[in-house]
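Colleague: Supplied in structure tokens, the structure appears directly below.
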Amino acid sequence: MRHLLSTQDLSLANTIRILDTAEEMAAVGEREVKKLPALRGRTVVNLFFEDSTRTRISFEAAAKRLSADVINFSAKGSSVSKGESLKDTAQTLEAMSADAVVIRHWASGAPAQLATSGWIDAAVINAGDGTHEHPTQALLDAFTMRRHLARLNGTDSTGSNLSGLRVAIAGDVLHSRVARSNVWLLQTLGAEVTLVAPPTLLPVGVEHWPCAVSYDLDSVLESGVDAIMVLRVQAERMNASFFPSTREYSRRWGLDDARLARLDTLGMKDTIIMHPGPMNRGLEISSAAADSSRSTVLAQVRNGVSVRMAVLYLLLSGDLRDPVARLQSPSISVDNLPNTRADETGVNAR
């Protein structure tokens, strides 16, 4: 596997390999020196045509912890604002000998075009393209769920899937690349997914997705869930009215204080609350829910660095197999890689 463009491209074996490698990378984050020499001498370009905080910083931290050289590119203030095309930008990066390009773009399909056009010879990682996909977000969400499930069962998460886990994804599914990537990845891992949204915020053809669909959040909660993933209402992508009012949306589809308390009443003491961020507090999620002991929001951010370290390492080392060659390959052991001080690599470890 040369690129990571969609969760639909990931086999179960490759998905578990990424998650298991992320567990090893997470151990690096517990060290005093959070650094590995695995990608020393490699160059990773963060190519962001849309605003981002968590994803961009997470990829930058991941690459630096692997000792890669990082170039951050923002469309604002660059030649893109003067009309430069994606092709010309890509060929500029090719001239700089980039080894990996992490791209976020407003247009669905832009990462795939970059990967298949022949403009560059670098590995391409989709960091979110329009309303299409966001595969590393889905991977870090699955990583978070898998760790939670392992803690509940008192088992090691390594090598495990999410078979039988009940996940509700509630909110603006129509505009959510996170929802699309999660549905396919969670299905691959064996989880049972239910989408919950008003009919106006569900995409055409959703009935063909490998999940259930509901318009009633309360009935889904009453049926029992192990994880609730709340999606942000993406007002910036809306050019029409998709629901009567913000108050009505929050009342019917938001995870408010009443629904948070209802989880306890229903005996779902181990149900976790997830959100990919950024959050609209008071709209799709209340502050009490976002800050509760059930919330994994900050854990997701932390886990994102480990997962993205794993993706960068496996893609650039060639350790992810294509579908025709999905064989078990030896796991890396970060314990066998020496600690590397920041001043030895010339790259900031933080």
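Glycine is treated like the rest: Cβ placed from N, Cα and C.
Caution: TrEMBL annotation is automatic and unverified by curators.
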Colleague: According to TrEMBL, Arg54, Thr55, His134, Gln137, Gly277, Pro278 bind carbamoyl phosphate; which one of Arg104, Arg166, Arg247 is annotated to that same site?
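Modeller: Of Arg104, Arg166, Arg247, Arg104 joins Arg54, Thr55, His134, Gln137, Gly277, Pro278 in the carbamoyl phosphate site that TrEMBL records.
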Colleague: Give me the DSSP three-state residue breakdown of the domain 'Aspartate/ornithine carbamoyltransferase carbamoyl-P binding' (2-146), ordered helix, strand, coil.
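Modeller: Grouping H, G, I as helix and E, B as strand yields 65 helix, 27 strand, 53 coil.
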Colleague: List the other residues in this chain whose Cβ sits within 8 Å of the Cβ centroid of the carbamoyl phosphate site residues Arg54, Thr55, Arg104, His134, Gln137, Gly277, Pro278, in sequence order.
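Modeller: Everything else in range on the chain: Ser52, Thr53, Ser58, Ala127, Gly128, Val178, Pro276.
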Colleague: Can you tell me the CA-to-CA distance separating Gln137 (carbamoyl phosphate binding site) and Arg177 (L-aspartate binding site), as a whole number of Å?
Modeller: 9
Colleague: Over the domain 'Aspartate/ornithine carbamoyltransferase carbamoyl-P binding' (2-146), what is the model's mean pLDDT?
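Modeller: It averages 93.
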Colleague: Taking the Cα atoms as reference points, how far is Arg177 (L-aspartate binding site) from His134 (carbamoyl phosphate binding site) in Å?
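Modeller: For Arg177 (L-aspartate binding site) versus His134 (carbamoyl phosphate binding site), the Cα atoms are 6 Å apart.
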